[in-house]
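Below is one structure, written out as C-alpha cells, with a few remarks after it.
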C-alpha cells in the first residue's frame, strides 16, 4: 500500500479495524514522546544536567503521555481491531462517531507535545491546584494547552465508551457468558469511561477558566478550595487505573489460553471479576489517594475497606491465570514471556499497593518514591500485556512472522529493565526519598536512583529490539501459512467470531480480510476534519480570553463553517421528498431512498436510541453532579472549613422573571412528551407541531435568561467561588438547552424533507426531559438555596 492510499484510507475511513490501527500508531508515537521525557527525568536524577523547570516539564509530559496518550489509545486501538471481530459485529455501533473520537485525540496529542514551547507546565500528571491555575510559575499558554488537550481526550473517551457499550449490548452475536474475555474487559472499561471522564472534564474546565478568566474555584481567599480539584481528579483518577488495566487483564485472559493451548480456567469467575472491579472502583476507592488531605475518620475507613475489597476480584484473576498455565502445554514464545511477566509484575504492583489502604502507613509513604515505584509496577505490567497482544496479533495483521528468538531477547531485556526501574524507585521510597524533587536530597538514595536509571537503559534497549523485530517482520518476515497462525483450531480455541478468509487483516481491509474496505460513500473527510477542528472551540475561547479576539473568532467560525457544511451535505442535500408521505394524520405510506427503513426496523432503532441516550445522560449526570457537587463542597463548613466563609452567596431574584422562565421550561416537557407519544402512534404531523411548540418554549427560556443576566444579575464570576459556580453551572445548563434545541431543529428540518426520524425522536424527547430535570436541581441550588 503506497503513502497516498494510506493517507486516503486514514482520512476517509470509518471502519473500526482501520480506526483501531490508527489508535495503535498514535499510541506508539506518544510512547516515543513519553519515553524521551522519561529519559530526561533519568538524566536529571542521575547526572543533574537539567534545570528545575525543564525537569518538571518532563515529569508532567511523561505522566500525561503515558497515561492518556499511550495506554488508553493502545487499549482502544486493540478494542477497535478485536471487539467487532470477536462478537460478530460488522463495525462499531456508530462508525462515524468512532472516527470522530480518534481524530479528536490527534490535536490533543499535538497540543500536549508542544505545550512546553509556549510556557511552563510544572504540574505533574495530576495537575494539582493551585499550582495548575497560577500564572507565575506556570507562565505562558503551555498549561492551557495541556488542559485543552485533556478536555479533548476526555470527550473522545466518553464518546468511545458509549459507542462500545452500545456495540457490545446491541450488536453481539454471542451470549454474554460466551463473550471473549477481552470483550468483557473492555465492556467494563467502556462503562468506567462514561462514569469517570466527566468529573475530570469538569475540573479541567474550572482550571481553564480560573487561569484565563480569574474565576476563583480553587482560591481559598475567595471561598474556593484546592482540595476540590483533588476530589474531582481522583474521582476520575482511580477508576482511570482500571480503565488502564482492565483491557490489559482482558488481553491476558484472552491470550494466555492460546499460549497454554487449553481453555481458560474459571471463565465465569474472570468475567464477573471484571464487573466487580469496575463496581468497586467507582464506590469510594478514589479517596485513598487523599488520606493526607481528608481529616474524616469515617471516610478513611470506608475508602480503606473498599480499597482492600478490590484486591479480591483481582486475586480471582491471578489464581485462574495461574491454574490455566498449570494445566497447559505452554509455548515459550515472545507473547508468552510478556503475558507471564504481566502476572508477576501485577503481583508486585499489588503487593506494594497493599500498604496504601492502611492509613498510618499511607501517611508515611504517600509523599515518597514508593508511590512512584508502585505505580510503575502496574503500568509496566499493562505495557507487557499490550506488547504481548501486539506480537500475538502481528501475524494476523501482516500475514508474516517475526524473528521470535530476537523477540524473546527484547522481551527479557524489557522485563529486566522495568523491574530494576520500579524496584529502585520502591527501595528509595521505603528509605524516605520524597517524590517531585528535581535534585536527589541525600546520597543515600543515589544507588537506587542509579539502579532505576540502569533499568531505564535496559528498557530502552528492549523496546528498540522489539520494534526492530516487528519492522523486520513487516518487510522480511516469513509468510504465514493459512489463516490460523497459532494453530488454535487444533485445540478448539477460537480467535475471532468473524473468521479470516485470508491474511493480512491490515489497513484498508475488511474484517475478514477478503476485500479492500470502502468509504461508506463519504466524498469529503468530514470526520477527520471535524475531529481536528473541534480543538478550535477551546483554542478559540482561549485566544478571546487573553485578548486576541480576531484569532479566536476566526477559529470558532472555521469550526462552525465545517460543521454546517457537513450537516447540509450529509443530512439534507441528498434528500428528496417522497411522492406520498403522510396519510390520515401523518401515517407514512411510502418511502423514498432516504427513508427506506421499514417501520419494524424503525421501532427497533428507537429502542436502541433510548439506550444510547440514557448512557449519554449518565455521563451528563456525572458532569452536572461535578458542578453542583463542587458548589456544595466549597459552601460547606464540613468540607471547606477554612474558607467557606469567604464565599459571597449569589443574591439572585427568584420572582418574577426566573420563576416564570422556570415554569415555561418545565412546562415544555409536556408538549415534548405528547409529541413523542403521537410519533409512536405514527402521527408525524402532530409530532412536528408539538416539537415546534417545545422549541418555542425553550427559546423563550433562553431569551429570558439572557435578559436576566443583562438586567438582574449585579455580581460577576470573579467575586467569589460561589459566584463562579453560579455562572458556570447556569451557563452549562444554557448550553445544554441550546443542544436540545439543535436536536429538535434537526428533527423538524428532516421531517420537512420527508424523513421519519425514528431514532431522532427518542434523542430529542429524552434529552429534553433531562435538560428540564437538571434545571430543577440548578434552580433549587442557586436560586432557592435549598441544597446549600
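Every residue, even glycine, has its Cβ placed from backbone N, Cα and C.
Database features (Swiss-Prot):
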type: BINDING; residues: 62, 376; note: Fe(II)-heme a binding site
type: BINDING; residues: 238, 242, 288, 289; note: Cu cation binding site
type: BINDING; residues: 374; note: heme a3 binding site
type: TRANSMEM; residues: 58-78; note: transmembrane segment
type: TRANSMEM; residues: 100-119; note: transmembrane segment
type: TRANSMEM; residues: 307-326; note: transmembrane segment
type: TRANSMEM; residues: 337-356; note: transmembrane segment
type: TRANSMEM; residues: 369-388; note: transmembrane segment
type: TRANSMEM; residues: 411-432; note: transmembrane segment
type: TRANSMEM; residues: 449-468; note: transmembrane segment
type: TRANSMEM; residues: 526-544; note: transmembrane segment
type: TRANSMEM; residues: 547-564; note: transmembrane segment
type: TRANSMEM; residues: 614-634; note: transmembrane segment
type: TRANSMEM; residues: 657-676; note: transmembrane segment
type: TRANSMEM; residues: 729-749; note: transmembrane segment
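Considering other CB atoms within 10 Å as the measure, the emptiest surroundings among the binding-site residues 62, 289, 374, 376 are those of 62. Here the CA atom of residue 376 (Fe(II)-heme a binding site) lies 15 Å from the CA atom of residue 238 (Cu cation binding site).
Straight-line distance linking the Cα atoms of residue 242 (Cu cation binding site) and residue 62 (Fe(II)-heme a binding site), rounded to a whole number, equals 19 Å. Other C-beta atoms found within 10 angstroms of the C-beta of residue 238 (Cu cation binding site) number 26, with every protein chain shown included.
Within 8 A of the CB centroid of the Cu cation site residues 238, 242, 288, 289, the other residues of that chain are 234, 237, 239, 241, 281, 285, 286, 287, 307. Highest Cβ pair count under 8 Å relative to the transmembrane segment (369-388), across stretches 58-78, 100-119, 307-326, 411-432, 614-634: 411-432. Of 288, 289, 374, all annotated as binding-site residues, the residue with the shortest Cα distance to residue 62 (Fe(II)-heme a binding site) is 374. On a Cα basis, residue 288 (Cu cation binding site) lies 14 Å away from residue 374 (heme a3 binding site).
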